[in-house]
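Report on one structure; see the data block that follows.
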Amino acid sequence: MTLILSLFTVVTFPNGGCTGASGDNGTCMTARECSSRGGSANGYCANGFGLCCVFMTSCGSTTSENGTYFINSGYPSWYDGTGSCELTVIKSHPDVCQIRLDFDRFTISGPERMNNVCNQDQFIVSGGNPIPAICGFNQGNHMYIDAGIGTTNPVKLTFVTSGNSFERIWKVKVTQIPCSTIYKADVGCLQYFTGVSGQIRSFNYDPASGLQLSNQDYGICIRMERNFCGIQYTACLDSANNRSRAFTLGGNSNNPVNSMIGSGAGPNNCANDWLLIPCASNVGRVAPAQALCTDRICGGTFSADLSMQSSSVLSTVKPFRLWFHTDNVEAPVDIDNRGFCLNYVQQPCTNNLPGSKLAPFDRDGRLPSATLARYSDSTTMVIAESTSE
């Protein structure tokens with residue numbers, strides 16, 4: 001952007017990202033450009049020569065602005081109405097191939113309590129890759145949408161609200177990601193995390209009152225950082241309950257509350273709801289290269305063994321990826337499954353991690369059926385020493 005300050009002085013600054021006075025992200029522009037594109041000035045940028053232009057829009061709008069915030073009617077006040085609130089997202093450039101949604105605020109009615117189905121309020125994404133509907137409390141979470149190739153693939157974001165009176169609020173940041181960037185998510189990843197450590201939560205996870213959502217089926221990916229060969233997962237601390245519910249999936253009953261593993265039809269297998277961690281083993285059991293490992297984990301305790309004692313779980317399968325699946329019913333004996341909250345820490349490449357192995361995910365980011373059979377047809381398998389297939 002160019003400003004003429006006098007007959008002899010021209011100031012040029014790029015339309016780069018900026019942080020507004022409110023803390024919201026925006027684009028550095030002149031006042032005229034910000035106004036003409038429908039944004040709002042929110043502080044200064046470019047050493048005071050530009051304005052940080054923030055774009056916020058609500059129901060019935062269409063946007064192609066990168067970094068737009070999708071807000072409820074009347075935001076920042078609560079919304080208690082019913083109906084459908086839709087935003088259509090158009091690519092800002094043909095090179096855009098992903099859209100990231102960051103849920104800065106996200107509170108709508110949660111699922112019904114019998115089968116944990118979102119049958120009142122829902123957040124629905126259409127126009128991209130198939131994404132399960134979600135509801136409840138999801139502040140701080142995110143998701144990635146495959147926007148396809150070209151400019152004729154609009155993505156629609158829809159909040160559907162119905163049922164009883166409820167204090168709803170949402171503010172969703174919409175970031176468009178070019179195909180050519182190094183920070184786009186891998187194929188098949190609804191969620192994508194970077195960094196040596198972080199926290200992963202299932203949608204609507206809340207140790208006090210959240211419920212595991214039904215009809216979920218998606219991949220969660222963690223970028224492998226340089227010089228790291230494994231990844232360790234640990235259930236989050238839970239001070240809201242006497243018995244931790246940081247990991248409570250299908251099979252979580254009053255007695256027993258042990259973990260369940262594997263994918264067979266037995267009473268200790270995860271046939272309906274599960275978190276898949278390829279070739280997982282409990283930390284400290286034996287050296288990973290010689291350990292028996294499992295795939296699916298569910299129940300009331302986070303452990304790669306049949307155990308009532310939570311444990312840190314290690315995987316050296318690359319890429320670092322999990323898969324979360326729930327069906328559309330809850331077993332009558334299950335009690336208030338919360339979903340999961342896991343802290344992860346990547347493990348450096350040392351002689352203690354000789355069993356690292358590549359998992360042959362297909363082009364859609366899923367484990368092929370033949371590979372799933374290897375990881376899932378029995379409760380345990382032995383990690384191979386070789387790093388080649």
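Cβ coordinates come from backbone N, Cα and C, glycine included.
Among the features that TrEMBL reports, signal peptide is placed at 1-23.
As annotated by TrEMBL, domain 'CUB' applies to 59-177.
The Cβ of C135 (disulfide bond) lies under 8 Å from the Cβ of I108, S109, G110, P111, C118, Q120, D121, Q122, F123, N204, L213, each on the same chain and at least six residues away in sequence. Under the heading disulfide bond, TrEMBL lists C118-C135.
Taking H, G and I as helix, E and B as strand and the rest as coil, DSSP gives the domain 'CUB' (59-177) the counts 0 helix, 56 strand, 63 coil.
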